[in-house]
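K.L.:
What TrEMBL shows for this protein is this:
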- A:21-210: domain 'ABC transmembrane type-1' (DOMAIN)
- A:20-42: transmembrane segment (TRANSMEM)
- A:63-84: transmembrane segment (TRANSMEM)
- A:90-110: transmembrane segment (TRANSMEM)
- A:152-171: transmembrane segment (TRANSMEM)
- A:191-213: transmembrane segment (TRANSMEM)
Amino acid sequence: MIGRFDWAGVLDFLPELKTGLYYTLLISIVGLLIGFFLGAIFGLGRVSKNKFAYSISTIYIEIVRGSPVLIQAIWIFYALPLIIDFNLDSIVAGIIVIAINSGAYIAEIVRGAVESIEKGQMEAGRSLGLTRRQTMWHIIWPQALKRMIPPLGNQFIISIKDTSLLSVILVPELIFQSRNIAANHFNAVEIYTTVAVFYLAITLSLSLILRIVERRLNVN
Amino acid sequence: MIQVEKLCKRFGELEVLKGIHCHIQPQEVVCVIGASGSGKSTFLRCLNMLETMTSGDIVIDGDRLRDPRININDIRTEVGMVFQQFNLFPHKTVLENVMLAPIKVRKISKQDAEKKALALLEKVGIREKADNYPEQLSGGQKQRVAIARALAMEPKIMLFDEPTSALDPELVGEVLEVMKQLAHEGMTMVVVTHEMGFAREVGDRVLFMDGGIIEEEGDPEQIFTKPKSERTKEFLNKIL
C-alpha cells in the first residue's frame, strides 16, 4: 500500500508548507496572546460584582461558545468590514477570530480557577484592609493562574487546530497551502498526512513546555 | 471601643442574630462561647463587616459602620482578624504574608515592613520560619503567623474566630500562649472560642450566645461557677 504513495514528492512542496507553518504559528501565537488578555478581562467580569461587567462578559462568552468557529470567521472576514467600512486583511481577520474565540473559552477557565480559590483567601485579604481589587491582584490571581495552566494548555491546543478553519477566509496557513497543492498535484493523502505531522509537532512541543512549567511551579 | 446595638443578621429566611447588645471597653478581653449555630462567628464577622448587618448599629472606635461615608477598608486596618482555618496566603512565604498588607495598605517601605514583620515573627516565636512557605508549617505555627500578619497592621482591636478549633490538641497551647501575651499587653480582644480554660483565665468577660442572642454575660468566674440562665447551665454541663 505504502508504495503507491509518493512520499518523497512532498519534499518539492516544502517551501509552500513552510509558509503555511509560518502563518499557522503566527496566528496561533498572536491570537492566543490576545485571547489570553480577553479571557482574563472577561473572566474577571464573570466573577465581578458589577452587573454591567458580568452581563457583557456572559453575553460575549455565550455567543462565542454557542456558534461554530467557521461561522465566526466568516462574520469577521466578510460581514465585519461592511459594518466598520474597513477592509480586513485575511491574516488580521484570522488573528481576531482566534483571539475572540479562545478568549471566550479562556474566560471560563479564568472564572473556574478564580472561583476554585478558597473563600477564606479573599476574606483574609479584606480583613487586612486590602481592597477587593488589591486582594484579587496580589492574592487570588497568582493562585488562580497556577490552577489555570492545565486547562489553558488544553485550550491552546484546540485553538491551534482551529486555525485550520481559517483557510475559508483565505489565510495562507497550513490547510490553505495543502489544499492548493493537492488540487494541482493529486497528492492529498501525502500532503495532509505531512501537515498532520506538523500540527502534532506543534501541539506536542506545547504539551512538553506546559509540563515543564507545571513542574517548575509545583516545586515550592 | 466597640458598641453594638440591636444587631440583627439574617441569611434569607434564616435569622442568625436577633438583637445583640454589647459594649466592649478598651483593653478588654471578651470571650464569646456557645454551641455551634448560636451565631457567635456571625457576630464576630459583623464587627469587621465580613458580614453586613441586616439592622442595628455597630460603632468601632467612634466610627459608625452604617455611615455611608465610612471606608470599610480603613476600619479593617484597625480591626485585625484571625480565622479558624488560618487563611495564610499559600503562594507567599511567611515573611511575605506578614509584610503584604503594611506595604499595600499602610504604604510603608519594604525595609520597614520587613523589619517590623521579623520583629512580630520573633514575638510569636517563629522567626526562624520566615522564609518558609505556609504548607511547610504545623497548624500551630500557621496560626501564630496569622496572628503576626494581623498584628502587622497595628490594629486597635483583634478578633479571633475559633483560633484553635482546627488544631491538633498538642498545638493548641502555643497559640493560646501568644494570645495570652497579647491580652497582657492590653490589646482589646474579642475571642470566639471553645477553650473554656482560656476564657476563664484570660477573659475579662464571657458572653454566652444561644439562638442568636446573648443569653448571659458576666465575669468568667461567675459564668463558669454560678451561671444564672438554665441554657448556660445546660451548655456548660455538656462541655465541661
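Cβ atoms here come from the backbone N, Cα and C positions, even for glycine.
TrEMBL annotations: computationally assigned, not manually curated.
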K.L.:
So, does the transmembrane segment (A:20-42) come close enough to the transmembrane segment (A:63-84) to give 3+ Cβ pairs below 8 Å, pairs being at least 6 apart in sequence?
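P.N.:
Contact criterion not met.
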K.L.:
Restricting to the same chain and to residues at least six past its boundaries, which positions have a Cβ under 8 Å from a Cβ of the transmembrane segment (A:90-110)?
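P.N.:
Those are 23, 26-28, 30-32, 34-46, 57, 60-61, 63-65, 69, 72-73, 76-77, 80, 144, 148, 151-152, 155-156, 158-159, 162-163, 166, 169-173, in sequence order.
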K.L.:
State the residues, same chain only, that lie 6 or more residues beyond the ends of the transmembrane segment (A:191-213) and have a CB under 8 A from a CB inside it; answer 'none' if no residue qualifies.
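P.N.:
Tertiary neighbours of the transmembrane segment (A:191-213) are 10, 13, 17, 20-21, 24-25, 28, 149-150, 152-153, 156-157, 160-161, 164, 174-175, 178, 181-182.
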